[in-house]
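Engineer: Once you've had a glance at the structure underneath, I'll fire off some questions.
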Amino acid sequence: MVNNASTLICFIPFLPLIAFAINIFFGKQLGEKSAWVTLACSTCSFVLAMLVIRPVLSGAVIQVNFDWIVFGSGALQFGFLADPLAAIMLFVVTCIGSLIVLYSIGYMHGDPRFSRFFAYLGLFLFSMLGLVLSTNLVQIYIFWELVGVCSYFLIGFWFEKDSAANAGKKAFITNRIGDVGFFIGIALLFYGAGTVNFTDLTHEYFHHHHQAILGIAGLFLFCGAIGKSAQFPLHVWLPDAMEGPTPVSALIHAATMVAAGVYLVARLFPLYEAFPHSASVVAVIGTTTACMGAFIALSANDIKKVLAYSTISQLGYMIAAIGIGAMSAGMFHLMTHAFFKALLFLGAGSVIHGTGTQDMREMGGLFKAMPKTAWTFLMATLAISGIPPFAGFWSKDEILTHAFLHHHPVVFGLLLAAAFLTAFYMFRLVFMTFFGKTRGHFHAHESPAVMTVPLMILAFFAIAAGFPGSPFMHHWFQAFVLPGEAVKANFGLMMLSSVVALSAIGCAYYCYIVKPEMPARITQAIKPLYQASLNKLWFDEIYGATVVRLFQWLAGTLFLFDQKIVDGAVNGSARVGLWISKIKNWIDQYIVDGAVNLVGAITRITSSILRLFQTGVIHHYLLVMFIGILMILYGITK
Amino acid sequence: MNFPILTWLVFLPLLGMLAVMLTPKQNEKLIKQIATVVSALLFLLSLKVLMAFNLHDGGIQLAEKVMWIPQLNVHYYLGIDGISLPMVVLTALLSLLACVASYGIKDRVKEYFALYLLLETGMLGTFLALDLFLFYVFWEVVLVPMYFLIGIWGGPRKEYAAIKFFLYTLAGSLFMLLGILAIYFTSTPQTFDMIALRQNNFAAGFQHIVFLALFLGFAIKVPIWPFHTWLPDAHVEAPTPISVILAGVLLKMGTYGFFRISYPILPEGAHWFAPWMGILAAIGIIYGGFVALAQTDFKKLVAYSSVSHMGFVLLGLASCSAMGMNGALLQMFSHGVLTGALFLLVGALYDRAHTRDLSAFGGLGAVMKVYAGILIFVSMGSLGLPGLSGFVAEFMILLGTFKIYPVITGLSCIGILLAACYMLYTVQRVLLGKVNPKWEKLTDMTGREIFTLAPLMIVTLAIGVYPILILKFMTPAITALVGLLS
Amino acid sequence: MEVLTAISKVGIYVIFGVTLLGAMMAVTLRNIFHAALSLALTLIGVAAVFFVLRAEFLGAVQILLYVGGIMILVIFTVMLTTRIGDRTIPTSNHQQWPVLIGALLLLLYFVRMIGKTPWSIKSELAVVSAVQIGKSLVSTFIFPFELTAVILVAILIGTVILAKSDEGEEKS
Amino acid sequence: MIPLHHILFFSSTLFCIGLFGALSRRHVVGILISVEIMLNAANVNLVAFSRWTGLIPVNAQVFAIFIITLAAAAAAVALAIVLTIYRNRKTIYTNEIDLLKW
């Protein structure tokens, strides 16, 4: 069984790659059929993934390796590794990936670059699966960049729009900033620990090799996660990334790719466990992000922007969870979040598809027009808000419990506040979109079945995905991820978080249904805060004024420096050379050459006389020659 | 070795040049055919060398040694090892592709291809020569046709660019000649033989001075900051195929010099100067990246990106470690392929739009689909996307250097970031955004252009996915070289 | 026998005289066509001298090549280029007198030198047969022989190119 | 048989006549004719020496053959040049052809 799985595991990432190749080369011929190629490949991957996960569930670890780089004495190996962590991600990626490919068939219908879209999806799935199955940090880094580039392509998919092109670039470059740190981290770990294989970087290993440099490496590695998972302060790319098609937002920027950062931190959990200072940095960043994202989401009016900030906030949750040591809870939340956030995005996509706008202020009252979308969306909203027994409740509660029980009061308090805000803005979204009166001018219609079926399947997961980690199944999930971790359910905390969520829903109901004029009054009352939220805490402006400006200034200045000074020196030395040669030339002409010229003048005068002999008539030459011969003959016989 | 394959490799283009010179100048088609056939044969020969190469031997192979000038103990000595092999294959490949890309040359076709073939001889000779004297001869042989190729077939400021290139490199090679002579007169017995010279243990002070002299010669060719300013001018003014050769092969001659002469013969000097080289490399990487970011001329941008990328090679060299030097050699190869492709792409665009001003473009992604695909692919390679060759090389360089110069390497990582910035900015300015109505009529890539680009793309992808393909050739030689250094 | 020898001797001197006369006419006659015909006379005379000197093969070659070949060429050229009948054109340039003096001086010199030189005359006069010449050509002189062949081919091509008309040039 | 001297006198005279012609004629073909005469004088000399003094008599005659052959070749080229000059300059008088003077 295990042997079998180690063969199958190699096929999982490559099937979508085949889809990519087929679509990129034959996309024109395939037309709309290209979607089915990608769908078939991703579904096969899903089936294979299930076959591979089965032995993992029973405790096996599947690994295959081969040499990739050789240098001097050593070699870097690549391969595929399926352990519990990877298995969860594998499940999430292939399952959601297939559903979203299915959904995209409806959403992207009629797009001029239809096949290109599915090619990119195939490439993304390949990269993401490669990332998930990586055996070491170098391999993960490679696929890390690859998913980044897929994200770049897909954000900029409608590249005729300048905003889309800019957003893609911004995403890629922001990620690169994190990746530079990531790379330095890898290098530090490589030289500090001598290995980058996940299977070597165990808890025991760090117990024996407790060097400060490894802690620093942990911080640098976390930079990668900050970039990819849109954590503070590199979160700015994710809201802009919503310029991409909505299925892309769902797949890449909600469910899978952005979770890669969390996955990385979870992979390196032994490292952070061994270095509490690094872990606390992780926790602080995570908590900050969770609150900040939720705060900004409060005022966003674009339906996808709200979800984007919500994603940032939820990712902050997961990062914070791992930072405080609740790795299994973080992964649990990652899984549940993937399902309900994908559902939210797809629902939002369905709404956009049906109405043609993204602005919530124009929506309202869509419940009747789009019942399937509305119901599934509501499920997901309940899940994210943390209402029992939906999936989000169990995972979020798990994190809060851990924070509370392991004495992280600040983290606990902030996360609880974030949970309140989450429930509030999510229901604000629901109320503004689906309830009340329609404010815009359009005829909303329900999306086709190819889009609603994935919604329903995801809705099922949004409800059910929480149970494996709930007390009903004895926290099976946590035990699977991290065997031996003691997880206790705390009924009081469950009550507390439920009450917080419900009260937030109540507030939202009051503000947006009962008294629609309330929000305006509140914003008037706390204008500075509202402005801060509306302007996303001015992150873009600050970066624009500092980092971007600095780079532009440096580029311009260095170019000038290059032209004027470095090149100037070259040209200057040439000019000095010319100048010297001119002086020399003068001396030469009038002094040195004067003497020469005198000789020359004499020569010229003489020659102007002798020149007369040079008639050009051959006879004269011959005659002179003849006379010469005669003279020679006379000379030699004398 | 009965068949003197290396000699053929070096002098086949010279024969081709003779054949071209004997062809009447009206018969342009035949001239092009001759040049192409010769270049193709050259490529096949290089592949044959690849087949004949023994993977487990880090030393010189297929050597051909004949006494040339007995009075000076100069030999005609050709040979190949894991360091020169990738360069030879790269040269042969790029020569063939640039030759095909040269079909667009309109005036004085005969002279062009004659000089072009002479250039090939010079380049291959430089990479294959194992005698310092012979090396210097070939090194200078490259200079002359290059001068004419830029100066006659170049852009508006061709005279300036050509003379700058010529004088600058000539000044450098004079220092190199001084260094070579110093080595010759100090060695016992007096010899130009590079392999024999490795056995000479020169005094430390002597090594430092000579290393500096050689460094100047090579640094100008690479070019290392601050000796790089001839590069943008020469690149911008040279015709497209010549830019390809210039960036793809000529720059590599400089770093190859370090691998072949400076490092093995003067290990002490190398160790002494390596930190400074590292610093210069880091400056070059960051500086080149920033300046590239400020460019509006597509070709100039690629030229400055070359400064940045060649900085990585120097960084790898400075590390004196197996991984860093392997990476440096791989980067030489990869940069040759990728920048060659980039220049071909710039040329293709210039042929259609007659401008290289980046701000004039936009939205070409919707007009020229194949072009867009290739440009994105190559840009991704250039900015170091994993799965393409640039990444592997830069990764190995940085990883190999990190242990020795952590701070310099950390700073150099900014270069990777900058590469992303300027390449993506370029892609955006050319391909993305709304279509400028002026360019709606542009045609997509022709079959010939795709033919010149496809091999480069395949090579870069193959190396990126499975670097051992090429690393297995290089590693034994690099290991031997590192052995000499320590 | 004595008489016969005397006659033949006289004959030789007659040949000499005729040849020299022809030569003089060839270099002085105004009409270049006539001069060419006088050259033919001279050449035939020289051929006769060859026969007298028992170099029959050479004599034959002389007649075939010179008289048959070169003369025709010369005459053709004359007819192609010059207005033969034009008598107003002076024959010589204005240096014939110094040249004449110089030539006479040279002749004087030759005569003096021929007289002064102690010739080592063989006891038996040699006779060379065509067979010997042929054998020598393909053995001792094989290399110059081949070289001559090459030169002839080159000259053939060169002459054709030189003499090709301008219209042909423009066409190519 | 007549003595060697006489033959030599004869050939010298022939040579000097040729020389005179070569130096004094204006007509290019005239010059060519004179040159041919000089070559013939040389040939006569060769044959005479072959008969009277040569160690290997055949060599002199072979030389004479070479001279005749090359003279013929030279004549052909020269005449072709004459034609070309005539075509381009419309003259074949040497005092009118002074391209050599630059």
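We count from 1, first residue shown onward.
In case you wondered, yes, glycine gets a Cβ from its N, Cα and C as well.
In case it helps, TrEMBL gives these features for our protein:
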TRANSMEM  B:6-22  transmembrane segment
DOMAIN    B:12-120  domain 'NADH:ubiquinone oxidoreductase chain 4 N-terminal'
TRANSMEM  B:34-56  transmembrane segment
TRANSMEM  B:76-100  transmembrane segment
TRANSMEM  B:112-130  transmembrane segment
DOMAIN    B:129-408  domain 'NADH:quinone oxidoreductase/Mrp antiporter transmembrane'
TRANSMEM  B:205-224  transmembrane segment
TRANSMEM  B:244-266  transmembrane segment
TRANSMEM  B:272-294  transmembrane segment
TRANSMEM  B:301-324  transmembrane segment
TRANSMEM  B:330-350  transmembrane segment
TRANSMEM  B:370-392  transmembrane segment
TRANSMEM  B:404-425  transmembrane segment
TRANSMEM  B:450-471  transmembrane segment
Engineer: If we call contact 3 or more Cβ pairs under 8 Å (sequence gap 6 or more), are the transmembrane segment (B:272-294) and the transmembrane segment (B:450-471) touching?
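Structural biologist: No, since the transmembrane segment (B:272-294) and the transmembrane segment (B:450-471) share fewer than 3 Cβ pairs closer than 8 Å, they do not count as touching.
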Engineer: Between B:76-100, B:244-266, B:301-324, B:370-392, B:404-425, who has the most Cβ pairs under 8 Å to the transmembrane segment (B:34-56)?
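Structural biologist: Between the stretches B:76-100, B:244-266, B:301-324, B:370-392, B:404-425, B:76-100 has the largest tally.
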Engineer: Against the transmembrane segment (B:301-324), which of these stretches has the most C-beta pairs under 8 Å: B:205-224, B:244-266, B:404-425, B:450-471?
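Structural biologist: Comparing B:205-224, B:244-266, B:404-425, B:450-471 against the transmembrane segment (B:301-324), the winner is B:404-425.
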Engineer: Test the contact criterion for the transmembrane segment (B:404-425) and the transmembrane segment (B:450-471): 3 or more CB pairs under 8 Å, pairs 6 or more apart in sequence, then answer yes or no.
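Structural biologist: They are not in contact.
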Engineer: Using Cβ atoms only, state whether the transmembrane segment (B:76-100) and the transmembrane segment (B:450-471) have three or more pairs under 8 Å that are 6 or more apart in sequence.
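Structural biologist: Yes, the stretches contact each other.
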Engineer: With DSSP as the yardstick, break the domain 'NADH:ubiquinone oxidoreductase chain 4 N-terminal' (B:12-120) down into helix, strand and coil residue counts.
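Structural biologist: DSSP composition of the domain 'NADH:ubiquinone oxidoreductase chain 4 N-terminal' (B:12-120): 72 helix, 16 strand, 21 coil.
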Engineer: Are there residues at least 6 beyond the ends of the transmembrane segment (B:205-224) whose Cβ is under 8 Å from a Cβ of it, and what are they?
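Structural biologist: Non-local partners: 168-169, 171-180, 182-183, 186, 230-231, 250-251, 253-255, 257-258, 261-262, 266-270, 272-273, 277, 280-281, 284, 307, 310-311, 313-314.
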Engineer: Given the model, what does the mean pLDDT over the domain 'NADH:ubiquinone oxidoreductase chain 4 N-terminal' (B:12-120) come out as?
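Structural biologist: Here the mean pLDDT over the domain 'NADH:ubiquinone oxidoreductase chain 4 N-terminal' (B:12-120) amounts to 89.
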